[in-house]
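Peer 1: Grabbed the feature section from TrEMBL, which reads as follows:
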TRANSMEM  A:39-59  transmembrane segment
TRANSMEM  A:71-90  transmembrane segment
TRANSMEM  A:96-114  transmembrane segment
TRANSMEM  A:126-144  transmembrane segment
TRANSMEM  A:164-189  transmembrane segment
TRANSMEM  A:210-237  transmembrane segment
TRANSMEM  A:274-294  transmembrane segment
Amino acid sequence: MKRLSWWLVAVLVAISGITLALPLGHTWPTPQIFWELRVPRLIFAILGGAMLAASAVIFQTTLRNRYVDGGMLGLASGVELGNAVLAVFFAPATPWRVLTGAVWAVVWLLILRASMLRILRQPLQLLLGGLGVAMVLNAIMTLLTSNQGFVGKSLANVTVQDTWLLAIVGIVGIIIWQIAGTTLTYFALPKLHVVQLGIDETRLSLLWQLGAALLIGAVTAVLGTTFFVGLIIAQVIAQVVVKPAQNRLVVTGLLGAVMLSTSDLLAHSVHYPVELPTGAVLMLLTAPLLLILWKGGPHVN
Amino acid sequence: MLIKNITLPRDLLTLSEASLPDQQITVLLGPNGSGKSTLLAQLATQIPDCAYLPQHNQSYDALTVGDLLALGQQRAETPVAVDVVAELELTSLLTQDVSQLSGGQQQRVWLAFILLQNAPVILLDEPLNALDLRYQKRVLDLLPQLSATILVVVHDLNYAYQIAEWVWLFTAGEITTGQPATIMTASTLTAAFATPVVVDQTVSGEVIFRI
């Protein structure tokens, strides 16, 4: 696992170097472009990718379901809808979209915990239920924002404020991780055994999922909903690194960071000066990783 | 130990309270679908300090045998008097992932996880599932050494007779309890399982059940 982590760090450094220094349109980046556009955008991509992937590990582990992530549960769509409502009815909140996204994710999580997550316990039921919720929320958002002149979600419009807000949310996530300690391991046991060990699983899962919701909410506010991405990244690492989820968090976060920073590099350089939607490129890049899961076949839980 | 206010589906079993002899092994016998597992699961919710092994157990994430057993030990206020890990021969498996083990190995691991909790009451639902004769014998020797009140579901009548100090027998929605010699007779077992059961006794006094 250490070797894989270092390898991912090396790739991340290389991608970062290229992203910061790449001449686009036959011109080198000016100091202003470097500091005000490229650096915040790169930091957002690295942190955002790590947060997206880490939140998937947490949701998969605490829900004991390897086929979910924040997008598949409908949380990301809830964030987009919430921020769209704010943008339509209270535009001054828009610069704080990362923060409001995190808050919306927490609100949707609490709603889901009181409803869908309580009722749907079978893996497939939860998966279909989550997708259903996501589709409904997406439809409402589309209807709400049609003809409003909204631009598509992309890291192209990342601001410095987005980046430091994302960093703050990331730090809150790390603090929650430190408070929760090594308790993610309990979710490897059936709930019955956890209860008998005297652990209040409901409170523990709430703590972890609040952290995960904050992470996915903050990222989604800028990147938009990316179905399957967190799920696949988390599962690829789970297949390659047979270690408890607690130990996989960092390396999964690193792969997420590599994936999103690479996607964003391609999104703004492949068809320059046209900006491609980073989320779409990310989903496209993640798709080949499915082959690793398929190769795993029946060994994949 | 008297357990009151037991609530079970009425079509399964008529039982509102039950007693378990303290620090003894009670065997729960009955045909398939008679409500043995339902009763054990219900008792597990009513006895907060019990350790309960359901029929089916699985790990939902990568987890080594050593980590799983450590989680079980966390609950024990005092360590178990018996070396459960050695008795069930788990030492060589400690670094392996639980989900990668064979069915019998997994059953030994989950059984050890329960026993290491050193709970005063232990509920075991078919703990011999997937165990070969060697480990069935180990469990037979191990359980009496524990200072716990044990309720165990077993299907093998000979095994049940060997290990039981008290018996609960389910017959058509009713439960009869008593000493093994009193409860496990040819007539009661034949009635319970709706299958002729013959009880033989050897010259050395050993009781043997056959169908």
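Cβ from N, Cα, C; glycine included.
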Peer 1: So, taking each listed stretch (A:39-59, A:126-144, A:210-237, A:274-294) in turn and counting its Cβ pairs to the transmembrane segment (A:96-114) that are under 8 angstroms, which one gives the highest count?
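Peer 2: The listed stretch sharing the most Cβ pairs with the transmembrane segment (A:96-114) is A:210-237.
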Peer 1: Which residues of the chain, 6 or more past the ends of the transmembrane segment (A:210-237), have a CB below 8 A from one of its CBs?
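Peer 2: Result: 44, 48, 51-60, 62, 66-72, 75-77, 79-80, 83, 97-106, 108-109, 134, 138, 152-155, 157-158, 162, 165-166, 169-170, 172-173, 176-177, 180, 248, 251-252, 255-256, 259-260, 277-279, 282-283, 286, 289-290, 292-293, 300.
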Peer 1: Quick one: do the transmembrane segment (A:39-59) and the transmembrane segment (A:126-144) have at least 3 Cβ pairs under 8 Å, skipping pairs fewer than 6 apart in sequence?
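Peer 2: The answer is no, given that the two segments have fewer than 3 Cβ pairs within the 8 Å cut-off.
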Peer 1: Taking a Cβ cut-off under 8 Å, which residues six or more beyond the ends of the transmembrane segment (A:71-90) line up next to it in the same chain?
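Peer 2: Same-chain contacts beyond the ends: 59, 97, 100-101, 103-105, 107-109, 111-112, 116, 126-127, 130-138, 140-141, 144-145, 148, 150, 153, 213, 216-217, 220-221, 224-231.
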Peer 1: Can you tell me which parts of the same chain pack against the transmembrane segment (A:164-189), counting only residues 6+ beyond its ends and a CB-CB cutoff under 8 A?
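Peer 2: For the transmembrane segment (A:164-189), the sequence-distant neighbours (Cβ-Cβ under 8 Å, at least 6 residues beyond its ends) are 43-44, 47-48, 50-51, 54, 58, 61-62, 64, 96, 98-99, 102, 197, 199, 201, 204-205, 207-208, 210-212, 214-215, 217-219, 222, 244-246, 249.
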